[in-house]
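Feature list (source: TrEMBL):
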- 8-99: repeat 'Solcar' (REPEAT)
- 75-95: transmembrane segment (TRANSMEM)
- 107-128: transmembrane segment (TRANSMEM)
- 108-196: repeat 'Solcar' (REPEAT)
- 207-293: repeat 'Solcar' (REPEAT)
Amino acid sequence: MAKQPQPISPMKNFFAGGFGGVCLVFAGHPLDTIKVRLQTQPKPKPGESLLYAGTLDCFKKTLAKEGVKGLYKGMAAPIIGVTPMFAVCFFGFGLGKKLQQRTPDDILTYPQLFAAGMLSGVFTTAIMTPGERIKCLLQIQASSGEVKYAGPMDCVKQLYKESGIRGIYKGTALTLMRDVPASGMYFMSYEWLKNLLTPAGKSHNELSIPSVLFAGGMAGIFNWAVAIPPDVLKSRFQTAPEGKYPNGFRDVLRELVREEGIGSLYKGFNAVMLRAFPANAACFLGFELAMKFLNWLAPNL
(Lines of atoms letter the chains of each structure in order from A and count residues from 1; the text may use other names and numbers.)
(Lines give C-alpha, C1' and ligand atoms only; values in the text may rest on other atoms or scores of the structure.)
Protein backbone atom coordinates (compact mmCIF):
# COMPACT_ATOMS: atom_id res chain seq x y z
CA MET A 1 0.00 0.00 0.00
CA ALA A 2 1.26 3.47 -0.79
CA LYS A 3 1.85 5.82 2.15
CA GLN A 4 -0.57 8.71 2.58
CA PRO A 5 1.52 11.88 2.51
CA GLN A 6 -1.43 14.15 3.33
CA PRO A 7 -3.14 13.79 6.74
CA ILE A 8 -6.89 13.15 6.40
CA SER A 9 -8.90 16.35 6.69
CA PRO A 10 -12.66 15.81 7.13
CA MET A 11 -13.19 19.51 6.40
CA LYS A 12 -11.48 19.29 2.99
CA ASN A 13 -13.49 16.14 2.33
CA PHE A 14 -16.63 18.17 3.03
CA PHE A 15 -15.91 20.80 0.36
CA ALA A 16 -14.47 18.38 -2.19
CA GLY A 17 -17.44 16.04 -1.65
CA GLY A 18 -19.85 18.90 -2.33
CA PHE A 19 -18.09 19.62 -5.61
CA GLY A 20 -18.21 15.89 -6.44
CA GLY A 21 -21.96 16.00 -5.83
CA VAL A 22 -22.41 18.81 -8.35
CA CYS A 23 -20.42 16.80 -10.93
CA LEU A 24 -22.60 13.76 -10.20
CA VAL A 25 -25.81 15.69 -10.89
CA PHE A 26 -24.43 17.12 -14.14
CA ALA A 27 -23.43 13.68 -15.40
CA GLY A 28 -26.43 11.77 -14.07
CA HIS A 29 -29.38 14.11 -14.47
CA PRO A 30 -30.12 13.46 -18.17
CA LEU A 31 -30.48 9.73 -17.44
CA ASP A 32 -32.60 10.52 -14.40
CA THR A 33 -34.96 12.61 -16.55
CA ILE A 34 -35.23 9.72 -19.00
CA LYS A 35 -35.79 7.20 -16.20
CA VAL A 36 -38.67 9.25 -14.74
CA ARG A 37 -40.21 9.82 -18.19
CA LEU A 38 -40.10 6.10 -18.96
CA GLN A 39 -41.54 5.21 -15.55
CA THR A 40 -44.42 7.65 -15.84
CA GLN A 41 -45.31 7.47 -19.53
CA PRO A 42 -49.06 7.19 -20.18
CA LYS A 43 -50.62 3.90 -21.28
CA PRO A 44 -51.13 3.91 -25.07
CA LYS A 45 -54.68 3.97 -26.44
CA PRO A 46 -55.75 0.80 -28.31
CA GLY A 47 -53.95 0.64 -31.64
CA GLU A 48 -51.36 3.29 -30.67
CA SER A 49 -47.79 2.51 -29.69
CA LEU A 50 -45.99 3.64 -26.53
CA LEU A 51 -44.74 7.22 -26.46
CA TYR A 52 -41.16 5.98 -25.92
CA ALA A 53 -39.97 2.58 -27.16
CA GLY A 54 -37.12 2.55 -24.62
CA THR A 55 -34.19 4.44 -23.12
CA LEU A 56 -32.54 5.39 -26.41
CA ASP A 57 -35.81 6.34 -28.08
CA CYS A 58 -36.77 8.58 -25.13
CA PHE A 59 -33.32 10.21 -25.31
CA LYS A 60 -33.68 10.90 -29.05
CA LYS A 61 -37.22 12.27 -28.79
CA THR A 62 -36.43 14.52 -25.83
CA LEU A 63 -33.38 15.91 -27.64
CA ALA A 64 -35.28 16.46 -30.88
CA LYS A 65 -38.21 18.15 -29.16
CA GLU A 66 -36.57 20.13 -26.36
CA GLY A 67 -32.86 20.17 -27.10
CA VAL A 68 -30.17 19.57 -24.48
CA LYS A 69 -32.09 21.79 -22.05
CA GLY A 70 -34.90 19.23 -21.99
CA LEU A 71 -32.53 16.65 -20.51
CA TYR A 72 -31.62 19.03 -17.69
CA LYS A 73 -35.19 19.89 -16.63
CA GLY A 74 -35.68 20.18 -12.88
CA MET A 75 -31.97 20.10 -12.08
CA ALA A 76 -31.99 22.94 -9.53
CA ALA A 77 -33.58 20.84 -6.79
CA PRO A 78 -31.10 17.95 -6.94
CA ILE A 79 -28.15 20.38 -7.05
CA ILE A 80 -29.43 22.17 -3.94
CA GLY A 81 -30.10 18.83 -2.24
CA VAL A 82 -27.18 16.73 -3.48
CA THR A 83 -24.35 19.20 -2.86
CA PRO A 84 -24.72 19.32 0.95
CA MET A 85 -25.52 15.59 0.99
CA PHE A 86 -22.32 14.58 -0.77
CA ALA A 87 -20.40 17.10 1.33
CA VAL A 88 -21.73 15.38 4.48
CA CYS A 89 -21.20 11.94 2.94
CA PHE A 90 -17.50 12.53 2.18
CA PHE A 91 -17.10 14.33 5.51
CA GLY A 92 -18.45 11.24 7.28
CA PHE A 93 -16.03 9.02 5.36
CA GLY A 94 -13.10 11.30 6.20
CA LEU A 95 -14.12 11.36 9.86
CA GLY A 96 -14.58 7.59 9.89
CA LYS A 97 -11.07 7.14 8.51
CA LYS A 98 -9.55 9.66 10.93
CA LEU A 99 -11.20 8.07 13.98
CA GLN A 100 -9.65 4.70 13.14
CA GLN A 101 -6.12 6.00 12.68
CA ARG A 102 -3.76 5.80 15.63
CA THR A 103 -1.21 7.99 13.86
CA PRO A 104 -1.77 10.33 10.88
CA ASP A 105 0.17 8.04 8.51
CA ASP A 106 -1.65 4.84 9.47
CA ILE A 107 -2.80 2.90 6.40
CA LEU A 108 -6.33 1.57 6.89
CA THR A 109 -7.38 -1.99 6.08
CA TYR A 110 -10.36 -2.72 3.80
CA PRO A 111 -12.71 -3.60 6.69
CA GLN A 112 -11.75 -0.27 8.30
CA LEU A 113 -12.50 1.56 5.05
CA PHE A 114 -15.84 -0.27 4.88
CA ALA A 115 -16.60 0.85 8.45
CA ALA A 116 -15.68 4.46 7.59
CA GLY A 117 -17.99 4.27 4.57
CA MET A 118 -20.80 2.94 6.77
CA LEU A 119 -20.40 5.93 9.09
CA SER A 120 -20.90 8.23 6.11
CA GLY A 121 -24.14 6.31 5.40
CA VAL A 122 -25.43 7.10 8.89
CA PHE A 123 -24.60 10.79 8.38
CA THR A 124 -26.43 11.02 5.06
CA THR A 125 -29.52 9.14 6.28
CA ALA A 126 -30.33 12.00 8.65
CA ILE A 127 -30.52 14.35 5.65
CA MET A 128 -31.78 11.84 3.09
CA THR A 129 -34.83 10.31 4.74
CA PRO A 130 -37.14 13.34 4.80
CA GLY A 131 -36.02 14.37 1.31
CA GLU A 132 -36.64 10.92 -0.16
CA ARG A 133 -40.00 10.55 1.55
CA ILE A 134 -41.17 13.91 0.17
CA LYS A 135 -39.71 13.19 -3.29
CA CYS A 136 -41.50 9.81 -3.47
CA LEU A 137 -44.84 11.28 -2.36
CA LEU A 138 -44.62 14.15 -4.86
CA GLN A 139 -43.50 11.83 -7.67
CA ILE A 140 -46.37 9.40 -7.23
CA GLN A 141 -49.01 12.11 -6.88
CA ALA A 142 -47.88 13.34 -10.30
CA SER A 143 -48.56 9.92 -11.79
CA SER A 144 -51.74 9.12 -9.82
CA GLY A 145 -53.35 12.44 -10.69
CA GLU A 146 -54.61 13.10 -7.17
CA VAL A 147 -53.09 16.36 -5.95
CA LYS A 148 -52.72 16.31 -2.19
CA TYR A 149 -49.62 18.46 -1.75
CA ALA A 150 -48.97 21.84 -3.37
CA GLY A 151 -45.20 21.35 -3.20
CA PRO A 152 -42.32 20.16 -0.98
CA MET A 153 -42.90 22.65 1.87
CA ASP A 154 -46.65 21.98 1.88
CA CYS A 155 -45.88 18.25 1.99
CA VAL A 156 -43.64 18.74 5.07
CA LYS A 157 -46.34 20.82 6.82
CA GLN A 158 -49.07 18.25 6.16
CA LEU A 159 -46.92 15.29 7.23
CA TYR A 160 -45.96 17.12 10.40
CA LYS A 161 -49.60 17.91 11.15
CA GLU A 162 -50.67 14.30 10.52
CA SER A 163 -48.01 12.45 12.47
CA GLY A 164 -45.36 14.81 13.82
CA ILE A 165 -41.64 14.38 13.16
CA ARG A 166 -42.18 10.62 12.77
CA GLY A 167 -44.26 11.19 9.65
CA ILE A 168 -41.40 13.10 8.04
CA TYR A 169 -38.88 10.44 9.02
CA LYS A 170 -40.98 7.42 7.95
CA GLY A 171 -38.67 4.87 6.36
CA THR A 172 -35.54 5.77 8.37
CA ALA A 173 -34.76 2.12 9.13
CA LEU A 174 -35.02 1.22 5.46
CA THR A 175 -32.92 4.20 4.40
CA LEU A 176 -30.27 3.06 6.92
CA MET A 177 -30.51 -0.50 5.58
CA ARG A 178 -29.94 0.87 2.10
CA ASP A 179 -27.29 3.51 2.71
CA VAL A 180 -25.13 2.10 5.49
CA PRO A 181 -23.94 -1.12 3.79
CA ALA A 182 -24.07 0.51 0.34
CA SER A 183 -21.86 3.43 1.46
CA GLY A 184 -19.43 0.99 3.02
CA MET A 185 -19.28 -0.85 -0.30
CA TYR A 186 -19.04 2.41 -2.26
CA PHE A 187 -15.96 3.79 -0.52
CA MET A 188 -14.24 0.45 0.07
CA SER A 189 -14.54 -0.60 -3.59
CA TYR A 190 -13.30 2.82 -4.72
CA GLU A 191 -10.19 2.62 -2.52
CA TRP A 192 -9.65 -1.02 -3.53
CA LEU A 193 -9.82 -0.20 -7.26
CA LYS A 194 -7.53 2.79 -6.76
CA ASN A 195 -4.95 0.50 -5.13
CA LEU A 196 -5.41 -2.04 -7.90
CA LEU A 197 -4.87 0.56 -10.64
CA THR A 198 -1.90 2.31 -8.97
CA PRO A 199 1.34 1.00 -10.52
CA ALA A 200 3.89 -0.42 -8.04
CA GLY A 201 5.94 2.24 -6.33
CA LYS A 202 3.63 5.07 -7.40
CA SER A 203 1.29 7.01 -5.11
CA HIS A 204 -2.52 7.29 -5.43
CA ASN A 205 -2.18 10.96 -6.30
CA GLU A 206 -0.53 10.09 -9.60
CA LEU A 207 -3.50 8.05 -10.87
CA SER A 208 -4.50 8.95 -14.42
CA ILE A 209 -7.91 10.51 -15.09
CA PRO A 210 -9.25 7.39 -16.91
CA SER A 211 -8.25 5.28 -13.87
CA VAL A 212 -10.07 7.61 -11.45
CA LEU A 213 -13.13 7.58 -13.75
CA PHE A 214 -13.09 3.78 -13.92
CA ALA A 215 -12.67 3.33 -10.15
CA GLY A 216 -15.41 5.87 -9.43
CA GLY A 217 -17.82 4.42 -11.96
CA MET A 218 -17.32 0.86 -10.70
CA ALA A 219 -17.74 2.04 -7.09
CA GLY A 220 -21.14 3.42 -8.13
CA ILE A 221 -22.10 0.05 -9.56
CA PHE A 222 -20.95 -1.84 -6.45
CA ASN A 223 -22.86 0.66 -4.31
CA TRP A 224 -26.12 0.11 -6.19
CA ALA A 225 -25.75 -3.66 -6.39
CA VAL A 226 -26.06 -3.57 -2.59
CA ALA A 227 -28.60 -0.73 -2.48
CA ILE A 228 -31.29 -1.68 -5.02
CA PRO A 229 -33.26 -4.29 -2.98
CA PRO A 230 -33.70 -2.08 0.13
CA ASP A 231 -34.35 0.85 -2.23
CA VAL A 232 -37.30 -0.95 -3.86
CA LEU A 233 -38.69 -1.81 -0.39
CA LYS A 234 -38.19 1.76 0.80
CA SER A 235 -40.05 3.32 -2.15
CA ARG A 236 -42.97 0.95 -1.55
CA PHE A 237 -43.02 1.58 2.18
CA GLN A 238 -42.68 5.36 1.99
CA THR A 239 -45.50 5.74 -0.54
CA ALA A 240 -47.90 3.25 1.11
CA PRO A 241 -51.04 4.55 2.84
CA GLU A 242 -50.83 4.76 6.67
CA GLY A 243 -51.16 1.39 8.39
CA LYS A 244 -50.75 -0.77 5.27
CA TYR A 245 -47.57 -2.35 6.59
CA PRO A 246 -47.90 -2.58 10.40
CA ASN A 247 -44.63 -4.51 10.82
CA GLY A 248 -42.62 -2.22 8.59
CA PHE A 249 -40.24 -3.55 5.97
CA ARG A 250 -40.80 -7.23 6.82
CA ASP A 251 -44.40 -6.90 5.58
CA VAL A 252 -43.26 -5.09 2.42
CA LEU A 253 -40.69 -7.79 1.70
CA ARG A 254 -43.20 -10.62 2.27
CA GLU A 255 -45.79 -9.04 -0.01
CA LEU A 256 -43.31 -8.25 -2.79
CA VAL A 257 -41.73 -11.71 -2.87
CA ARG A 258 -45.13 -13.41 -2.63
CA GLU A 259 -46.71 -11.36 -5.40
CA GLU A 260 -43.86 -10.73 -7.82
CA GLY A 261 -41.04 -13.10 -6.91
CA ILE A 262 -37.51 -12.39 -5.75
CA GLY A 263 -36.53 -10.72 -9.05
CA SER A 264 -38.80 -7.79 -8.25
CA LEU A 265 -36.21 -6.69 -5.67
CA TYR A 266 -34.05 -5.66 -8.63
CA LYS A 267 -36.61 -3.43 -10.36
CA GLY A 268 -35.14 -0.62 -12.42
CA PHE A 269 -31.74 -2.34 -12.46
CA ASN A 270 -30.78 -1.25 -16.01
CA ALA A 271 -31.71 2.41 -15.59
CA VAL A 272 -29.90 2.60 -12.25
CA MET A 273 -26.72 0.87 -13.48
CA LEU A 274 -26.62 2.88 -16.69
CA ARG A 275 -26.65 6.06 -14.66
CA ALA A 276 -24.45 4.82 -11.79
CA PHE A 277 -21.29 4.51 -13.85
CA PRO A 278 -21.00 7.96 -15.49
CA ALA A 279 -22.51 9.81 -12.52
CA ASN A 280 -20.15 8.31 -9.93
CA ALA A 281 -17.15 8.46 -12.25
CA ALA A 282 -17.81 12.21 -12.53
CA CYS A 283 -18.37 12.47 -8.78
CA PHE A 284 -15.05 10.91 -7.76
CA LEU A 285 -13.13 12.77 -10.47
CA GLY A 286 -14.63 16.04 -9.20
CA PHE A 287 -13.77 15.01 -5.63
CA GLU A 288 -10.14 14.14 -6.46
CA LEU A 289 -9.59 17.33 -8.46
CA ALA A 290 -11.13 19.49 -5.72
CA MET A 291 -8.95 17.71 -3.12
CA LYS A 292 -5.82 18.42 -5.18
CA PHE A 293 -6.84 22.06 -5.43
CA LEU A 294 -7.57 22.34 -1.68
CA ASN A 295 -4.30 20.64 -0.75
CA TRP A 296 -2.45 23.08 -2.98
CA LEU A 297 -4.44 26.03 -1.57
CA ALA A 298 -4.11 25.11 2.11
CA PRO A 299 -1.53 22.34 2.54
CA ASN A 300 -1.59 22.46 6.35
CA LEU A 301 -5.32 22.48 7.01
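Counting begins at 1 with the first residue displayed.
Backbone N, Cα and C define each Cβ position, glycine as well.
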Should anything in the same chain at least six residues away from the transmembrane segment (75-95) have a Cβ under 8 Å from its Cβ atoms, list it; otherwise answer none.
8-18, 20-22, 24-25, 29, 32, 116-117, 119-124, 127-128, 131, 183, 187, 283, 287
Averaged pLDDT, computed only over the residues in the repeat 'Solcar' (207-293):
88
